[in-house]
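Visitor: I'd like to ask some things about the structure below.
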Amino acid sequence: MTWRDLCSWTRRRDSSESERRLESNLPYEGEKSKNQPNRHYAGNAIKTTKYTLWNFIPKNLIEQFRRVANAYFLSIAILNFVPSVNAFQPQVALIPICVILSLTAIKDAWEDFRRYQSDRKLNRRPCLIYSRSQQSFMERRWKDVRVGDFVRVLSNEIIPADILLLHTSDPNGVCHMETANLDGETNLKQRRVVPGFCDTNSTFEPQNFNSIVVCEKPNDNLNHFSGFLEKGNKKTGFGIESLLLRGCTVRNTADASGIVVYAGHETKSMLNNNRPRNKRSKLERKMNIEVFFCVLLLIFMCLIGAVCHVIWLESFSTIPMYFIPNSDGTYTSSALSGVNMFFTMIILLQVIIPISLYLSIELVKMGQVYFITQDVDLYDEERDIRMQCRALNITEDLGQIQYIFSDKTGTLTENKMVFRRCTIMGTEYPHSENATRLALLAGETDADEEVIYQQNRRPPLFSLEEAQDGPARASARLPGNSSLHRSRVTAGASSCMAFSSPMETEVVPDETLLHLMENEEDKSYLDFFLAMAICNTVVVSTDTARRQGVTGRRNSALSSNPLECMEGLFSRATCCKRLRKSLEKLTRRRDSHAEPFDMGQTSFYDVSAFTNSVEGFDEDENAPGHRSNVNRRPRTGSSPAAPLEVCYEAESPDEAALVHAAKAYGFTLLERTPDHVTVRLPHGKELKFKVLDVLNFDPVRRRMSIIVRHPRTREIIMYTKGADSGIMERLHKSFEDPRKAATESTNVAAETQGDLDMYARDGLRTLCFAKKVVNEQTYSAWSIRRQEALAAISRKKELLMDTAADMENNLTLLGATGIEDRLQENVPETIRALREAGIQVWVLTGDKLETAVNIAYSCMLLDHRDLVFTFNTESKEVCSTMLTGILEDILQHEKQEREFSIGLVIDGRTLSLLLDDDLQTQFVELCSHCRSVLCCRATPLQKSRVVTLMRHRLKVMTLAIGNA
């Protein structure tokens, strides 16, 4: 950092403004830096190294001498240069400490040099920056980007800075970005142009931009951003939906342009990455303490030797003849001789702290890093990536882990969702044939076995009921014998199966439901599948905007030859017959999908007078991730020729699975824009809904909604999907009170809730679907409040939440779905191996209790022989009482020889109580007796607090994996 950077940083820190104001750099192009309006803001060049060429030696030595042993050895070496106390050649004493310091310095230099190479490669990446003199976007490097510059990012390119989106090639002003480099998620995030800048009739001209951008100060919140464009007296608000984040990749958009608001170390991605710090392992910290005590022991021993030496000298009445006088003929006094003897003894007894130990430790660390990076078992053959060791100082901590805290989705499971079953208007449709087909594809040899998570479906062994339901009831019982169903995880190849082939993306419809839809005129069934098709953020993109594939060698287990793949798939003789039968039925259905049933000319969904020509699409068998192509349909007299291939892009795998399921029943999503969404119905007609508003999903509401106008009836309809806790509480009053006379609505709600509980016990992820018909007056009044909330600068989030809550009420329940999230390969075996190594495993998840419990049994986190205690209450008093009672029972059991282990299941509501200061001590004590702990419905903040609490209270080494 130069002195100019330091001064600029100081000025920014001293600024009392709570917002950032910036303007375009184009009018000041070519002028001196002091005239640039945005000169005080950070540049885009990044530096993550700890050292420079000039400060490496002093800074590295300072860090090394934080190790007590190094300071000790240096003191001994310096002491040996004093003539009156030295014990051997001074130069020899320097050799060991110099070797130690040199080895560590080489290791630190190499680690920092790798950071330098990474920074240099990143800073020299090309990007397009608009030049006023050239009247076009010119290729520059990332490090040349400044706040206030206009940058254009092309498809599949990485975004160089945080950019406010002002223009895209998409006529609707939409851009998609992949945040895999930021948060590890491969799902696409949708971004929109700032309102007022989506003009498809003219090209974007940066030199005509004359607004002032006012936004919040740089911060590390990836999910929040607010500000406005100020032009005269007009202000146009924007939010996180208009911000392209540095490090993300533009997808499905030919190009996107905007103005840089944050650059370099002020971008949100860099603020989320802490600067490299000198990490010290647990072993090193412990050795520092041991060295301190060894030094005290050494001083004590040397002090005894010096005192005894003085006493011995004082015992002579005359000076012995063998005493050597000084150069001036005098003799050293007894006291001074005692001091000299003290320091001489220190040099002689210095081996009490062996310097060879530290030399060995440094060599072992370097060897560990080498073997970790070269381990074939840690090599990802599919992506051609080997294990990387980024922190060379703490490798030995991997062997000291005592607690592992893991989330579920994407860590224990693949985060690849497969549609399994659904319930519509209180009737459950198991899709047994689809489950059998998926079992066969996954390599299951027993087609009659259920392949959903069906592990130990029994109630919790210790249930803590709601306080308001009556007196606290608790019962603990030892587990009996129960058959443990086979885990979903099988062969290694099966982990890659979800959404890896068209046969899995094509859901086999349930025979009963398909027959019912052919003859049923109940609109609720049609609304259910329409909600599945359009109540999401899935977009249909052309083949030219497809994501770039991951380079590298393919998995050797998967052949690139389609014939070999099919031959391997059919190699199991016991599966061939069933699989062929399923595929033949699927083929017959697809061939008959052109006109599977005739709704009649007066049908509610007969939209022949309102449809536009939407064409069919080809299938792409190689679409990776959650993208899947709309199936090619047989042409009819009214079906036009198929255009370019089209693929689905989903922000979440759940949405991808639901769109595929709707497509299996003939409700095919054809087009989505900010203004309309088009769905092809089973009878081949297209239905084009006008999108009035979208209430995006958030973890507080736990639901999302889309408000559309029906093209035939002109009704305003809101389709809503979300977690059962977010939908059931918002239903119409007719669904609420089951104690009243039974009605169709109460029966539907009760039956659906029962099906949801069954899905959760089977380990499936559940989503509910509902609808609401809104009258014109209500929507008009609500829309005004919604627009005011969107344009608000202060309290924007709160206002948006309030308007969403006002609309999402009095819902009509349509049904629910169950989606399977498969376990990663060898998860049960891994957890068992960790347990055998004495490591306690916790799972912290946001899933509902029943789902999390059954997946815990599936992955062997909980065992059928365990004594499991379940906490689910909102009463702090009840929680405290039960903690005390359980601890007393556990202490009594520990006096006896137990043949079972203890497991703990905690709901998110109860977890918030247990994290209070009053209950923390008892909670930690209880957890220390448990072999496994499962926290359900936990928020990211609660996950973080749990890990911090256990680490600080128990003083243990922890490993946390997940989103908190």
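Quick reminder: no glycine exception, Cβ is built from N, Cα and C everywhere.
TrEMBL lists these features:
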type	residues	note
ACT_SITE	ASP407	active site, 4-aspartylphosphate intermediate
BINDING	ASP407, THR409	Mg(2+) binding site
BINDING	ASP407, LYS408, THR409, GLU655, PHE697, LYS721, ARG765, THR845, GLY846, ASP847, ARG937, LYS943	ATP binding site
COMPBIAS	20-34	compositional bias 'Basic and acidic residues'
DOMAIN	34-92	domain 'P-type ATPase N-terminal'
REGION	20-40	region 'Disordered'
REGION	616-640	region 'Disordered'
TRANSMEM	289-312	transmembrane segment
TRANSMEM	341-361	transmembrane segment
Visitor: In whole Å, how far is THR409 (Mg(2+) binding site) from PHE697 (ATP binding site) when you measure between their Cα atoms?
Guide: 18
Visitor: What three-state secondary structure does DSSP assign to PHE697 (ATP binding site)?
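Guide: SS state of PHE697 (ATP binding site) = strand.
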Visitor: Could you pull out which residues elsewhere in the chain have a CB under 8 Å from any CB of the transmembrane segment (341-361), counting only those six or more residues past its ends?
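Guide: Same-chain residues near the transmembrane segment (341-361) but 6 or more away: 69-70, 72-73, 76, 79-80, 82, 85-88, 93, 96-97, 99-100, 103, 283, 291, 294-295, 297-299, 301-303, 305-306, 309-310.
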Visitor: Given the binding-site residues ARG765, GLY846, ARG937, find the one whose Cα is closest in space to the Cα of ASP407 (active site, 4-aspartylphosphate intermediate).
Guide: GLY846
Visitor: Find the average pLDDT over the domain 'P-type ATPase N-terminal' (34-92) in the predicted model and report it.
Guide: 86
Visitor: Take the C-alpha atoms of THR409 (Mg(2+) binding site) and ARG765 (ATP binding site) and report the distance between them in angstrom, rounded.
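Guide: So the Cα of ARG765 (ATP binding site) lies 10 Å away from that of THR409 (Mg(2+) binding site).
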Visitor: Can you check what DSSP calls the residue listed as 'active site, 4-aspartylphosphate intermediate', collapsed to helix, strand or coil?
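Guide: Where the residue listed as 'active site, 4-aspartylphosphate intermediate' sits, the three-state DSSP reduction gives coil.
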Visitor: Around ARG937 (ATP binding site), how many other C-beta atoms are within 10 angstroms of its C-beta?
Guide: 21
Visitor: Return the residues near ARG765 (ATP binding site), defined as same-chain residues 6+ apart in sequence whose C-beta is under 8 angstroms from its C-beta, sorted by sequence, else 'none'.
Guide: MET417, ASP654, GLY818, ILE819, GLU820, ASP821, ASP847, THR851
Visitor: DSSP-wise, what's the residue breakdown of the domain 'P-type ATPase N-terminal' (34-92) into helix, strand and coil?
Guide: 26 helix, 0 strand, 33 coil
Visitor: Going along the chain, which residues six or more apart from GLY846 (ATP binding site) have their CB under 8 A from its CB?
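Guide: Same-chain residues close to GLY846 (ATP binding site) (Cβ under 8 Å, separated by 6 or more) are THR409, PRO699, GLY908, CYS936, ARG937, ALA938, THR939.
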Visitor: What is the number of other Cβ atoms found within 10 Å of the Cβ of PHE697 (ATP binding site)?
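Guide: Result for PHE697 (ATP binding site): 20 neighbouring Cβ atoms inside 10 Å.
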Visitor: If you draw a 10 Å sphere on the Cβ of THR409 (Mg(2+) binding site), how many other Cβ atoms land inside?
Guide: 19
Visitor: Checking the spread of the ATP site as listed (ASP407, LYS408, THR409, GLU655, PHE697, LYS721, ARG765, THR845, GLY846, ASP847, ARG937, LYS943): what is the longest Cα-Cα distance, in whole Å?
Guide: 26
